[in-house]
Amino acid sequence: MGDWGFLEKLLDQVQEHSTVVGKIWLTVLFIFRILILGLAGESVWGDEQSDFECNTAQPGCTNVCYDQAFPISHIRYWVLQFLFVSTPTLIYLGHVIYLSRREERLRQKEGELRALPSKDPHVERALAAIEHQMAKISVAEDGRLRIRGALMGTYVISVLCKSVLEAGFLYGQWRLYGWTMEPVFVCQRAPCPHVVDCYVSRPTEKTIFIIFMLVVGVISLVLNLLELVHLLCRCVSREIKARRDHDTRPAQGSASDPYPEQVFFYLPMGEGPSSPPCPTYNGLSSTEQNWANLTTEERLTSTRPPPFVNAAPQGGQKSSSRPNSSASKKQYV
C-alpha cells in the first residue's frame, strides 16, 4: 500500500503541472496499465512457463523451446514499457520541483534583502538580479508553475520521448509476439532431437489481454501526438498574441514621437476666452504707478525740514546725494 501511495503522490504532482491531454494520458497510463497489470496480469500469465508443455522427453528441450517462444515474458515486457515511458514524465516532474524550490529560495532571499535597513547599491543590484531571475519562472496566481520558457522545452521533449518510446515498444511487441497467441508452437532447436510441438495454456485469454494492451499503447501514442499538436498551437497562438500586442503598442502615440505620451501643465501665455486678463494694481500700469509714487515722495520731501540747517555747505563740499527731480524721473521711468 505504501508503493501505491507513493505513486498517487507522483500522479498528483504531475497532474498539477500538465495540460488537459497530459492528464488524460496519465489516467490511461496509471489505470489501464498499472491496475490491469497488478490485478489481472499475474493471474493470466502466472502459469506461463509451468504449463508450457512439449511432446518430448528430452531433458532441456522444453526450456529451450520456451526461450525461443518467449524471449521475454509479456508481463515483464509491459512492465519495462511502463518504466521507460514514464521516465520522461518523471524527468519533467524533477524540473518542476527544481523550479519550485528555486522560486521559494529567491523569494526568501528577496525578503531578507528588502528587510535590510540600509539600501546600498550592492543591495539594489542584488534585488534587480533576483527580480530578473524570478521573471524567468512564470508562476500562476494559485502558486502553480506555468508551462513556459525552459519548462515548456522540457515538457515538449518529454512528450516527444514518450511518443518515440511508445511507438518503439509497440513495434517490438509486434515483432516478438504478433497480435495473437497461437495455441501450438513448433520448435526445432538443440537439444531437441526432432521437430517438437509445444502447447500454450489459455491462448484465447492471453490473446484478449495482448490486444487490450496493444489498444492501450495505441491510445497513449495518439494522446502524445495530440498533446504535441496542442502545445504547438498554444505556442503559435501565444506568439501571434505577443506580436499583435507589440504592433498595437506604438499606435497609442504618434508615429514620429519616440517618447511615451505624458501629461504636462502649461501656464497661459496670452489672453483668450478661456484665460481672462490678469487685473492690474488699482487699474494703473506700472509706469503710471511709478509716477504716482514719485509725486508722493516729492510732496513729502518739500514739507519736511532739512536735517542739517546750521551746517552751511563749504566751497569744496559735495552737494546732497539726493538726485534732482529730472534724474529721479529718469530713474523711475
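Even glycines carry a Cβ here, placed using N, Cα and C.
A quick note: this is a predicted structure, and the numbers were derived from the prediction, not measured.
The membrane topology recorded in Swiss-Prot places Gln68 on the side opposite to Ala242. Annotation: stretch 149-171 has the most Cβ pairs under 8 Å to the transmembrane segment (77-99), among 21-40, 149-171, 209-231. Within its own chain, the transmembrane segment (209-231) is flanked in space by residues 19-22, 24-25, 28-29, 32-33, 36, 40-41, 44-45, 74, 78, 81, 85, 152, 155-156, 159-160, 162-163, 166-167, 169-170, 173, 177, 179-181, which lie at least six positions past its ends and keep a Cβ under 8 Å from the stretch.
As a whole-number mean, the pLDDT of the topological domain 'Cytoplasmic' (232-333) in this prediction is 57.
Using a Cβ-Cβ cut-off under 8 Å and counting only residues 6 or more beyond its ends in the same chain, the topological domain 'Extracellular' (172-208) has close neighbours at 44-45, 47-48, 51-56, 58-62, 64-66, 68-72, 74, 77, 214, 217. Sequence-distant contacts of the topological domain 'Extracellular' (41-76) (same chain, at least 6 residues past either end, Cβ-Cβ under 8 Å): 176-177, 185, 187, 189-193, 196-202, 205-206, 209-210.
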